[in-house]
Amino acid sequence: GMNVFLFIRFYRFYDIEPQYYYTRKLLGFALPLARAPAACLNFNCMLILLPVCRNLLSFLRGSSACCSTRIRRQLDRNLTFHKMVAWMIALHTAIHTIAHLFNVEWCVNARVNKSDSYSIALSRLGDKPGETYLNFAREEIPNPEGGLYVAVTRVAGITGIVITLCLILIITSSAKTIRRSYFEVFWYTHHLFVIFFIGLAIHGAERIVRQQTQESLDKDNPEKCDKDPSEWGKPGKCAIPQFAGNPPMTWKWIVGPMFLYLCERLVRFWRSQQKVVITKVVTHPFKTIELQMKKKGFKMEVGQYIFVKCPKVSRLEWHPFTLTSAPEEDFFSIHIRIVGDWTEGLFNACGCDKQEFQDAWKLPKIAVDGPFGTASEDVFSYEVVMLVGAGIGVTPFASILKSVWYKYCNNATNLRLKKIYFYWLCRDTHAFEWFADLLQLLETQMQERNNAGFLSYNIYLTGWDESQADHFAVHHDEEKDVITGLKQKTLYGRPNWDNEFKTIASQHPNTRIGVFLCGPEALAETLSKQCISNSESGPRGVHFIFNKEN
């Protein structure tokens, strides 16, 4: 809405206002078509850095004065907003660039007398002493050389080329395929934003878009003086119009966000310099390692995440991992699945590729930034929740379930959460092993406290072979599950989400139910649709509130 408003407002401004009367005569429709997207670019470039100020967002998330649950859910979509703003920047850059290509061509043609007589006369203004120019193409070089000369000799041309190239590289390297397969390419090209913003700030410094000065306008109305430019300056006739450049405005839009982002980076740097001690490295099945760490003054909430850097693997790369420990524990931990170059490097640096035990002093140095808030922080704000994890996406719920277990151990009576429905979808049986211990502890704890109904969990195995199927069939009637060792049997295939939602809705009428997912986009789309279709329209009745980890 703001983009549409700004585009229309500035298009009309440059298409109507009298100070641009002669500029329009020279440039035609390309003047408003270049300036309207420029205004939208200022607005979007102001916004693009804010969604990636993680510390600012965490502060807003944690401040109940600033954020209700509904607003916090919007803050959790910061990366989606960042991408939307980026696409708006790309769109307006394309329009702005195309319009200026017309501007340059027409200005150069007018300068070398290959245009209408009126444009040629306007282009000659500034050649004599006491005159100010309107046409920014001052050299008499025909196209295409003239256009190229303007592009490589004027500040606006040079910076325009540089920031457009930076934008193309940033956007193309952000494609999902490159981001997933060649993360380093995405990471390093994204830092071209520094050059982009410097170029953007000085792009308008030369003031090549000209307007008639107010003093000149007050002397003569351009609509009455435009009949014959050859008469300008003669006794009793209109005075020669005087022109000045538009003062640069972009820096005013972006200086605030740039300052905030600079503060953000300084906070990150300060945090990264604080000492982190790895107290334990545990190798789990399914190419997963667990790092247990300590850091002075570190405080966390359930479901939060940290950024980790290992200088031995890469001095520049930071990667996000969900915390799997509970706030009640005296350490914090993350589980890392080995899926790429960086994780493979960390796996080897921690000595996990060796069979024997490793000495603690041999472990690599680790830098940690965070913790940062996520949707999962709100899990204790609901009486009933559905937790859905897919594969390694179970990690935020490890923290939640551990915290619940500690609260029950300490006889927590003020716990608002009354019921958890936990779903875990996994392709491979090995993935269950490291998480099953925690579920067994919870299962035992709830039974001892006569609250076995508090946690209802369903584990789904989505991939198996024929020999495994035969083995499962033979042991199906045993008291404990053959895979997890839990009393709750593993289910095979995928959940019927429609049935699951309808069953839960019938058991909890007039309740707000939080649905939390850490998993793939396809599953997110399915659950989001189920939340909408199974929620009642009125203020009363059951309402499913969808929350997704980014």
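Cβ coordinates are placed from backbone N, Cα and C, and glycine is handled just like the others.
The transmembrane segment annotation in TrEMBL falls on one of the ranges 185-205, 248-268, namely 185-205. Sequence-distant contacts of the compositional bias 'Basic and acidic residues' (216-231) (same chain, six or more residues past either end, CB-CB distance under 8 Å): 18-19, 21-22, 25, 118, 121-122, 237-239, 241-243. For the transmembrane segment (185-205), the residues of the chain that approach it from at least six positions outside its boundaries are 45, 155-156, 159-160, 162-163, 166-167, 169-170, 173-174, 178-179, 246, 248-251, 254-255, 258, 316-317, judged by C-beta separation under 8 angstroms. Per-residue pLDDT, averaged over the domain 'FAD-binding FR-type' (268-378), rounds to 85.
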